[in-house]
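Chemist: The following feature annotations were taken from Swiss-Prot:
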BINDING   8-15, 21-22, 60, 87-90  substrate binding site
ACT_SITE  9  active site, tele-phosphohistidine intermediate
ACT_SITE  87  active site, proton donor/acceptor
SITE      182  site 'Transition state stabilizer'
């Protein structure tokens, strides 16, 4: 048996302000920092140690991981950051308050992009500064691979090769793995691990700052999963 720990970053400024964040680099709020500290304490108390940690290119996930490892007193794990673990890209909605987005684009299109697996948000213009292809930190990536906006399905498809080709082999080698990422990316991983249906996925909630522990068999099939702060099986926050 091996363990895998999934953690959604602590509350960000955009979470607090009710904005679509996506690839926008919103920092943690003081509450988000406390959530990261609490997660670190829970993992330390449970005796967790990590050989390798995976996270996105976004500061709210990076800072959550940094705080967790500091609280745990762990400076030695390898940390790999990759854009494929970035949050779902919200296209033209990036950085916009949800109510403003509804007023601009209409209630039904916004609701559809939030509740339907295959519904993308309104796309960005490629000339928009919010397009990752126009940002220096993604300059080494083929612009054709970078999103102008993503449905849930498209975000999962972008993440999946990294899970299969990079993260899974580390788990199979017996490495103790922590993934600090984002709501939709973690939902995609949970869908993959647990074989959830699309209907089950739509109902799935992943709380900020709560470590979700998976116990896996030799074939990486889940034996059970539970939150570190409750020990209770389940995903909802």
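Including glycine, each Cβ sits where the backbone N, Cα and C put it.
Predicted, not measured: the structure shown is a model, and the values here were computed from it.
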Chemist: Where does residue 90 (substrate binding site) sit by DSSP, helix, strand or coil?
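Modeler: Its secondary structure by DSSP: coil.
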Chemist: Using a 10 Å cut-off, grab the number of neighbouring Cβ atoms around the Cβ of residue 8 (substrate binding site), all chains included.
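Modeler: Result for residue 8 (substrate binding site): 28 neighbouring Cβ atoms inside 10 Å.
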Chemist: Could you tell me the C-alpha distance between residue 182 (site 'Transition state stabilizer') and residue 21 (substrate binding site) in angstrom, no decimals?
Modeler: 10
Chemist: How far is it from residue 14 (substrate binding site) to the residue listed as 'active site, proton donor/acceptor', counting Cα to Cα, in Å?
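Modeler: The separation of the Cα atoms works out to 13 Å.
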Chemist: What three-state secondary structure does DSSP assign to residue 8 (substrate binding site)?
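Modeler: Looking at the DSSP assignment, residue 8 (substrate binding site) belongs to a strand.
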Chemist: Using C-alpha atoms only, work out the spacing between residue 60 (substrate binding site) and residue 9 (active site, tele-phosphohistidine intermediate) and round it to an integer in Å.
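Modeler: Counting only the Cα atoms, the answer is 6 Å.
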Chemist: May I ask for the distance between residue 90 (substrate binding site) and the residue listed as 'active site, tele-phosphohistidine intermediate', taken between their Cα atoms and rounded to an integer number of Å?
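Modeler: Between the alpha carbons of residue 90 (substrate binding site) and the residue listed as 'active site, tele-phosphohistidine intermediate' there are 18 Å.
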Chemist: Taking Cα-Cα distance, which of the recorded positions 9, 10, 12 are within 10 Å of residue 87 (active site, proton donor/acceptor)?
Modeler: none
Chemist: Quick check: in three-state DSSP terms, what is residue 21 (substrate binding site)?
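Modeler: Residue 21 (substrate binding site) sits in coil per DSSP, no helix or strand.
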Chemist: List, in sequence order, the same-chain residues at least six positions removed whose CB sits under 8 Å from that of residue 88 (substrate binding site)?
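Modeler: Spatial neighbours, sequence-distant, of residue 88 (substrate binding site): 22, 150, 152, 154, 155, 182, 183, 184, 185.
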